[in-house]
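Asker: Structure incoming, see below.
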Amino acid sequence: MGNTTTKFRKALINGDENLACQIYENNPQLKESLDPNISYGEPYQHNTPLHYAARHGMNRILGTFLFGRDGNPNKRNVHNETSMHLLCMGPQIMISEGTLHPRLARPVEDDFRRADCLQMILQWKGAKLDQGEYERAAIDAVDNKKNTPLHYAAASGMKACVELLVKHGGDLFAENENRDTPCDCAEKQQHKDLALSLESQMVFSRDPEAEEIEAEYAALDKREPYEGLRPQDLRRLKDMLIVETADMLQAPLFTAEALLRAHDWDREKLLEAWMSNPENCCQRSGVQMPTPPPSGYNAWDTLPSPRTPRTTRSSVTSPDEISLSPGDLDTSLCDICMCSISVFEDPVDMPCGHDFCRGCWEAFLNLKIQEGEAHNIFCPAYECFQLVPVDVIESVVSKEMDKRYLQFDIKAFVENNPAIKWCPTAGCERAVRLTKQGSNPSGSDTLSFPLLRAPAVDCGKGHLFCWECLGEAHEPCDCQTWKNWLQKITEMKPEELVGVSEAYEDAANCLWLLTNSKPCANCKSPIQKNEGCNHMQCAKCKYDFCWICLEEWKKHSSSTGGYYRCTRYEVIQHVEEQSKEMTVEAEKKHKRFQELDRFMHYYTRYKNHEHSYQLEQRLLKTAKEKMEQLSRALKETEGGCPDTTFIEDAVHVLLKTRRILKCSYPYGFFLEPKSTKKEIFELMQTDLEMVTEDLAQKVNRPYLRTPRHKIIRAACLVQQKRQEFLASVARGVAPADSPDAPRRSFAGGTWDWEYLGFASPEYRRRHRQQRRRGDVHSLLSNPTDLDEPSESTFDLPEGSSGRRPGASVVSSASMSVLHSSSLRDYSPASRSANQDSLQALSSLDEDDPNILLAIQLSLQESGLDMDEETRDFLSNETSLGAIGSSLPSRLDSVPRSTESPRAALSSSELLELGDSLMRLGADSDPFSTDTLSSRPLSETRSDFCPSSSDLDSAGQDPSANDNLLGNIMAWFHDMNPQSIALIPPAATTEISAEPQLPCIRDGSEGVRDMELVPPEDSVSKDTGVHEGERAQMEENPLEENILAREELSQAGDSSNEAVGRGDRPDAASQTPQTSSDWLEQVHSV
């Protein structure tokens, strides 16, 4: 039994199918006990009988194992190979693994046998899986080298097996560990026909997204901003332009051509001149004013014909010429040769009416055409500036001369047309028309991007040149930049700068050593000090020296003048001079090598792209051959003729982009270093390089391994990136959708302070200087400063006030609160102290945010009375905390009880409060006792004293009515304890109750206060109005902000009117003028 099994195994290993079949058929016990899925062990690389049967292509034994003994072709050996891997290995691959059967020397027969075996493996069905399907042979199984059966079949050149694998869904794009596809494996083994067949199937493979990508490719606008024109295209373009212009002006073709030639073939320019003065336009062009045709006719019906009989003389003919050719004679004389013109001779009709014989006409026209003046041939009559029509020239000269005339005419058309230029390549008869000059603001056109100053154009034969200088194409560089780059290459001689990078690194290291280290005084080794004293010891030569003066340390003792003798100025200066010279020399060397290294960086990449461009130019020749080969190979397999022009299109896109990348490095070299413009340019340049290299890898290969739709998508992406790159350079390296620059300050510019929420520095500086000079009257008499729209207000439309909405109301409310607080704490004895404090406060800089916050917090904590409208507005304003402090950005409203709501003011309004403090401290007349005693007690009580009901309804805490200035100075003392020493404390002196003072009551601290309160009926009326408005606000919450602002404006106006009505004539007569003026100024603020 064991002997039979051993013989059978040896027959399988040696590939002797006849012996193996004889042993297997003659031993029933072996047939029953043999399992084709059991490994032979490690000595045999864990191959199974099925592996050996597939390796040698034993179709009879393989069929028996698969369908009779439940063999599994997915079993793997030690190399992770299945039976299909070994089956697809040809004789060339298996030579090194053992002896081969003699029939394997015949590869054709072996190919068919292996194809039959492969067909059996592909038809095999295993156990039933969970999904209801049966196990199949893994057609894309990979071994340890990541090879699939298709890799081995392609490398072996087994065409039948390759076709079977591809038909059953073998992966054409699978890559092994060497990143080779089955096509690459066939190419390496010189199976060219098989490689070409695999390439065609790879390129034209079907993919779900292929149709969508090809549809986008077909719809892609492939137009360029230029158009190459052949000679026939030039003639057609000229004729179309003449016909369209003649039809538009209702003029003959000859007249339209003359008009266009006189206006540089620019139809828009001609129409502009025609609309201004048609007669002058025709006179300057050398033609007569055309007669408008009758209705129902066009310009073609008005063309003169040489066969029509001559009409009467034109009115432009001179009297002398009329006398020389009288109309009553049957024959006329030629004005050149003075011979009679035969009646049998075909007449030459001219619009001017001059007669010449046909011989003179031919001689004259031949001479003009030979001289090259084909586009400005005037009538040969004396002082006649009538152009000779084209039909006259064609009817007189010979055919050869007519052909030459047409060439000169086309040449004149191109040279006089600024939008058309000839190709500068020698022997090229083509021209280029720049079809897109400038950008389209609408942005609907895909070619609406702006053109560069020196765009590159192509005549259609692959001749690229610059539109401006007619030299080598160099976009995105302009002509001057390109010239500077070529001059830079000539000066630098980069072929001699081979070791610049190494020299630059050496110079940089030398500069670093000189800057951060000192040489040892003995062995000159660089030493860097990072800790310790000035006593240094060289780690190399053990030399002790001083770090300061670099001399021996034994010189630093008490006997030599002290340890720190070297710290004297003379010694240090001497050492620094020596090191400074070395550092300056190293810096110069480093800077020079740095510039050289920078040039070599750009020059190296410039040459790399140039070399790649030269290599990829060869693809233009091979692309057509590749297209024919792919088309022929696919036609043999599928019978169709596919579109292969995408290969040539992709090569053209690659070459255009490669040329732009080559010239982009000179452009970047001359950009300003470390600028935003250069950073954006380099980012876009890198992005363009990435997509370009990706397309080059797909196209620049002997055999294409990328599907058609992926090549098309890569080419479209490169074209899109190229257009975006050029458009950005033409715009100055800025994205197309860049937003407007924010309102910020640049070098030499100014901030828009109101936009940022601050008062302008000019506004603050002017008020600070006035307060420091003590010019309080100029502050009081200059109310326009508060209303300047250019500095402290927003720009509002016409018809609205110049200041910000609600600013006047807030200022008025703040002033009234401030003045009432000052009136409570006022006393004659403390007036001078308060004035001194205010003058000291004015010496501080209100630009300091601490001052502004102090005033705001004082308003928040003072607990002063304010009406409901002002309370609602102040509670909704933005706090100064939003400008950088720790306060909240918006103050929450607080119920009106023992604590007043917080008032949030802007910086400009806080400055107005400071101005009011100065006015209150500097003006002493309104608070004189004579002024207060001159008014009756009843009037003063009605104007200044609140009723008991008002005080109870207010619910104020007596402790909240502190001095405003005291709160400011106390808070500022906590923030700046040193600066507050300059400010004298405010003295609080009690005053005795006198009968002439109005409504004096005792406070909680013994200080007598007085308040300005409106009459009771007005208070109750206003309270009712505010309650009704609050109820309406709750019903309409969306309109609360708008209504509040409108009511605040009306309340400000009504308060001014109430003040005006409160000044009765009798009171004004009894009060001095200074008091009334002061009160009016207080209320106006």
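Just so it is clear, glycine is given a Cβ too, placed from its N, Cα and C backbone atoms.
The annotation repeat 'ANK 1' is assigned in Swiss-Prot to 45-75. Residues or ranges marked as compositional bias 'Low complexity' by Swiss-Prot: 304-319. Residues annotated as Zn(2+) 1 binding site in Swiss-Prot, with sequence analysis given as evidence: Cys334, Cys337, Cys357, Cys360. Residues or ranges marked as zinc finger by Swiss-Prot: 334-384, 402-479, 520-549. What Swiss-Prot lists as Zn(2+) 2 binding site is Cys352, His354, Cys379, Cys384. The Zn(2+) 4 binding site feature in Swiss-Prot is assigned to Cys520, Cys523, Cys538, Cys541. Taken from Swiss-Prot, the feature domain 'UIM' applies to 846-865. The annotation compositional bias 'Polar residues' is assigned in Swiss-Prot to 926-959, 1068-1085. Residues or ranges marked as compositional bias 'Basic and acidic residues' by Swiss-Prot: 1018-1033.
Help me picture where these features are in the structure shown.
Answerer: Per-class residue totals from DSSP over the repeat 'ANK 1' (45-75), listed helix then strand then coil: 16 helix, 0 strand, 15 coil.
Listed in sequence order, Cys334, Ile336, Cys337, Cys339, Ile341, Glu345 are the same-chain residues six or more apart from Cys357 (Zn(2+) 1 binding site) with CB atoms under 8 A from its CB.
Across the range of the zinc finger (334-384), the DSSP-based residue counts are 14 helix, 3 strand, 34 coil.
Around Cys384 (Zn(2+) 2 binding site), the same-chain residues at least 6 positions away in sequence with a Cβ under 8 Å from its Cβ are Cys352, His354, Phe378.
Mapped onto three states, the DSSP output places Cys538 (Zn(2+) 4 binding site) in coil.
In this model, the domain 'UIM' (846-865) carries an average pLDDT of 55.
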Asker: For the binding-site residues Cys523, Cys538, which one has its C-beta crowded by the most other C-beta atoms within 10 angstroms?
Answerer: Cys538
Asker: How about long-range neighbours of the repeat 'ANK 1' (45-75): same chain, 6 or more residues beyond its ends, C-beta under 8 Å?
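Answerer: Cβ under 8 Å, 6 or more out: 9, 12-13, 15, 17, 20-21, 24, 34-39, 81-84, 86-87, 89, 94, 101, 104, 110, 113-114, 116-117, 120-121, 124, 126, 135, 137-138, 141.
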Asker: Can you list, in sequence order, the residues of the same chain other than Cys334, Cys337, Cys357, Cys360 whose CB lies within 8 Å of the CB centroid of the Zn(2+) 1 site?
Answerer: Asp335, Ile336, Met338, Cys339, Ile341, Phe356, Arg358, Gly359, Trp361
Asker: How big is the gap, in Å, between the Cα of Cys360 (Zn(2+) 1 binding site) and that of Cys541 (Zn(2+) 4 binding site), rounded to a whole number?
Answerer: 109
Asker: In the same chain, which residues outside the set Cys520, Cys523, Cys538, Cys541 have their CB within 8 A of the centroid of the CB atoms that define the Zn(2+) 4 site?
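Answerer: These residues sit around the Zn(2+) 4 site: Ala521, Asn522, Lys524, Ser525, Ile527, Ala539, Lys540, Lys542, Tyr543.
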Asker: Using a 10 Å cut-off on CB atoms, tell me which of the binding-site residues Cys334, Cys337, Cys360, Cys379 is the least crowded.
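Answerer: Cys337, out of the binding-site residues Cys334, Cys337, Cys360, Cys379, has the fewest neighbouring Cβ atoms within 10 Å.
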Asker: Can you grab the distance from Cys520 (Zn(2+) 4 binding site) over to Cys379 (Zn(2+) 2 binding site)? Cα atoms, rounded to a whole Å.
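Answerer: Checking the Cα atoms of Cys520 (Zn(2+) 4 binding site) and Cys379 (Zn(2+) 2 binding site) gives a distance of 98 Å.
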Asker: Near Cys541 (Zn(2+) 4 binding site), which residues of its own chain have a C-beta under 8 A away, given they sit six or more steps off in sequence?
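Answerer: Residues satisfying the criterion: Cys520, Asn522, Cys523, Ser525.
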Asker: Where DSSP helix means H, G or I and strand means E or B, what are the helix, strand and coil counts for the zinc finger (402-479)?
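Answerer: Here the numbers are 15 helix, 13 strand, 50 coil.
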